[in-house]
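Colleague: Sharing a structure here in structure tokens format.
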Amino acid sequence: MAAPTYYTITFGCQMNRADTERMAGILESLGYVATEDELQADLVLYNTCTIRDNAEQKVYSYLGIQAQRKRKNPAIKLIVAGCVAQQEGEKLLRRVPELDLVMGPQYVNRLGDLLAQVEAGNQVVATDPVEIPEDITKPRRDSQVTAWINVIYGCNERCTYCIVPRVRGQEQSRQPQAIRAEIEDVARAGYREVTLLGQNIDAYGRDLDPKTNLASLLRFVHSVEGIERIRFATSHPRYFTEELITTCAELPKVCEHFHIPFQAGSNEVLKRMRRGYTHERYRQIIQLIRQYMPEAAISADAIVGFPGETEAQFQETLQLVQDIGFDQVNTAAYSPRPGTPAAEWPDQVPEEEKSDRLQRLNRLVAEVAAARSARLLGQVQEVLVEGPNPKNPRQAMGRTRGNRLVFFEGDPEELQGSLVPVRITATRAFSLTGEAVTVRASGP
């Protein structure tokens with residue numbers, strides 16, 4: 001008898017992608033086998049995101065197709081996980097009665113138990129707040145070179161535009177020993193890089209007893225043999241301390257790339273967003289980073305068209321992008337999320353104005369990023385090879401310590417997992433092309 005098959009699709013952030021990897025690992029421990037054909041899979045799992053309305057609508061579109069399959073073949077298992085599941089709960093069952101399981105992000109490690117309830121004939125909704133348990137099941141990781149490691153779940157912030165605290169719950173930090181054990185495990189499996197993940201990763205440890213912090217965690221895991229690079233995301237400016245910056249500068253494995261969302265360049269907008277910092281404080285953080293690590297790459301997130309944002313306030317965002325010189329900015333037009341204060345405010349910015357501002361911001365981001373990339377022309381950059389260039393299989397693809405994508409001629413299979421010095425011969429806003437100088441052998 002053939003093993004049952006499963007198919008997953010992930011919407012949203014790195015946290016969701018890491019959660020999907022963990023759920024895939026649980027499914028495989030239960031005997032399921034991955035398939036690329038969602039219309040033939042015995043179990044279909046959508047890991048969802050509520051940050052943008054378009055992502056939510058895509059989920060319902062996919063669910064409509066799967067619901068038709070389920071009506072013809074009731075044995076198919078249909079699961080919605082993640083933030084839409086947490087937000088909608090039983091409403092999802094009323095909208096899509098064919099669903100077997102609706103589970104919030106806090107239940108990722110409990111998927112096996114929830115499936116057992118489904119197998120017993122139950123339709124299950126798991127959205128009540130729970131403590132997130134450690135899970136000994138190994139994730140089915142998408143990459144063979146770089147691994148995501150969750151270190152803190154949830155968020156205690158109360159930004160007026162954001163639904164995340166409602167759907168992901170309060171902060172729950174993992175114990176340092178458990179995090180190090182997982183990193184040691186991926187190192188033994190041949191991984192060369194880890195990215196420590198959290199909604200506000202620099203808030204790590206304040207809920208533990210005894211309290212600790214991200215700087216201490218970085219020092220604790222830095223000595224794991226086999227790991228060549230350590231990254232972390234996403235950081236909140238409120239908790240990005242000088243101690244954290246100096247620790248990153250001192251530890252050679254920590255990459256000189258920091259993702260720190262600023263969201264807006266206007267203090268008035270930041271205040272209404274309830275972000276808890278000013279643009280002056282944000283600039284001070286970047287200045288400190290570049291004081292200790294002059295070549296550090298900085299990426300961020302920004303929102304345009306927040307309720308009440310004037311053209312003059314938007315110009316402050318453009319000025320911040322110009323002044324900082326970001327390597328990348330993930331931009332978005334404000335999207336009202338049900339249940340958030342900002343969604344109820346009367347001074348919503350018209351859609352056409354949001355679209356215009358987004359286009360102008362994107363043009364500037366590309367210009368600034370292109371100038372940052374151009375500085376690397378002729379330099380030799382250390383590139384961790386992740387695999388082949390999807391558009392040209394004769395080229396290897398990897399990332400610099402500053403997280404720039406690099407393409408160069410070479411055997412991707414042979415070089416995968418290797419740290420290769422590459423001389424940069426051409427630059428674009430968000431990627432580089434180069435030539436291998438020498439090859440440093442892969443790890444043991």
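Glycine residues also receive a Cβ, built from the backbone N, Cα and C atoms like all the rest.
Summarising the annotation, Swiss-Prot assigns [4Fe-4S] cluster 1 binding site to Cys13, Cys49, Cys83. What Swiss-Prot lists as [4Fe-4S] cluster 2 binding site is Cys155, Cys159, Cys162. Per Swiss-Prot, the feature domain 'MTTase N-terminal' maps to 4-120. The domain 'Radical SAM core' feature in Swiss-Prot is assigned to 141-372. Look at Swiss-Prot and you will find 374-438 tagged as domain 'TRAM'.
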Colleague: Per DSSP, to which secondary structure element type does Cys155 ([4Fe-4S] cluster 2 binding site) belong, with helix, strand and coil as the options?
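Modeller: SS state of Cys155 ([4Fe-4S] cluster 2 binding site) = coil.
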Colleague: Counting other Cβ atoms within 10 Å, pick out the least crowded of the binding-site residues Cys13, Cys162.
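Modeller: It is Cys13 that, of the binding-site residues Cys13, Cys162, has the fewest other Cβ atoms within 10 Å.
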Colleague: Run through the domain 'MTTase N-terminal' (4-120) and tell me, per DSSP, how many residues are helix, strand and coil.
Modeller: 63 helix, 23 strand, 31 coil
Colleague: List the Cα distance (Å, whole number) between Cys162 ([4Fe-4S] cluster 2 binding site) and Cys49 ([4Fe-4S] cluster 1 binding site).
Modeller: 12
Colleague: With Cβ-Cβ distance below 8 Å and at least 6 positions apart along the chain, what are the contacts of Cys159 ([4Fe-4S] cluster 2 binding site)? List them in sequence order.
Modeller: Met273, Arg274, Arg275
Colleague: Give me the sequence-ordered set of same-chain residues, not including Cys155, Cys159, Cys162, with a C-beta within 8 angstroms of the centroid of the [4Fe-4S] cluster 2 site's C-beta atoms.
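Modeller: Residues close to the [4Fe-4S] cluster 2 site, other than Cys155, Cys159, Cys162: Glu157, Arg158, Tyr161, Ile163, Val164, Pro165, Gln199.
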Colleague: Let me know the model's mean pLDDT on the domain 'TRAM' (374-438).
Modeller: 96
Colleague: With every protein chain in view, what's the tally of Cβ atoms within 10 Å of the Cβ of Cys49 ([4Fe-4S] cluster 1 binding site), excluding that atom itself?
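Modeller: Its Cβ shell of radius 10 Å holds 22 other Cβ atoms.
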Colleague: Taking Cys83, Cys155 as the binding-site residues to compare, which has the smallest set of other Cβ atoms within 10 Å?
Modeller: Cys155
Colleague: What does DSSP call Cys162 ([4Fe-4S] cluster 2 binding site) in the simple three-state scheme?
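Modeller: The three-state answer is coil.
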Colleague: In Å, rounded, how far does the Cα of Cys83 ([4Fe-4S] cluster 1 binding site) sit from the Cα of Cys155 ([4Fe-4S] cluster 2 binding site)?
Modeller: 13
Colleague: Going by DSSP, how much of the domain 'TRAM' (374-438) is helix, how much is strand and how much is coil, in residues?
Modeller: 5 helix, 38 strand, 22 coil
